[in-house]
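Participant: OK, TrEMBL features for this one:
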DOMAIN    5-114  domain 'CMP/dCMP-type deaminase'
Ligand SMILES: [Zn+2]
């Protein structure tokens with residue numbers, strides 16, 4: 001498999017989580033964590049609506065489901081949407097060095113800050129991810145603004 005195929009396969013896992021969240025009536029944002037050998041460690045999705053939990057973002061859900069890890073330096077975090085400030089803080093706090101992002105057109109979050117901090121960001125600019133978020137935001141603007149902390 002080429003690197004690009006790998007990245008697309010990794011993103012697929014996060015997209016499947018996002019679609020699961022959407023089917024549950026939630027915000028379609030999914031994430032996954034992979035070891036260097038490509039092994040899937042965990043995956044998760046935003047659960048704000050489903051669980052009434054504002055701290056359950058796609059990234060944090062995958063992070064918690066991976067359990068304790070000694071180090072995050074070699075673990076790749078994949079997320080369908082650019083991480084918000086809260087998740088960007090998590091990425092820096094635990095020392096992730098590589099983050100694969102499905103898209104950053106609808107929301108760019110802390111991407112520039114992460115890049116400046118030396119985190120390797122791969123933005124796949126996936127049209128599937130853009131469409132998924134654009135449709136959701138158009139239909140549920142109030143839930144989306146709540147999720148990103150906009151009044
Ligand atoms: Zn977040």
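The backbone N, Cα and C atoms fix where each Cβ goes, and this holds for glycine too.
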Participant: Return the average pLDDT for the domain 'CMP/dCMP-type deaminase' (5-114) as a whole number.
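Facilitator: That region's mean pLDDT is 97.
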Participant: Count up the helix, strand and coil residues in the domain 'CMP/dCMP-type deaminase' (5-114) according to DSSP, in that order.
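Facilitator: For the domain 'CMP/dCMP-type deaminase' (5-114), the helix, strand and coil counts are 44 helix, 19 strand, 47 coil.
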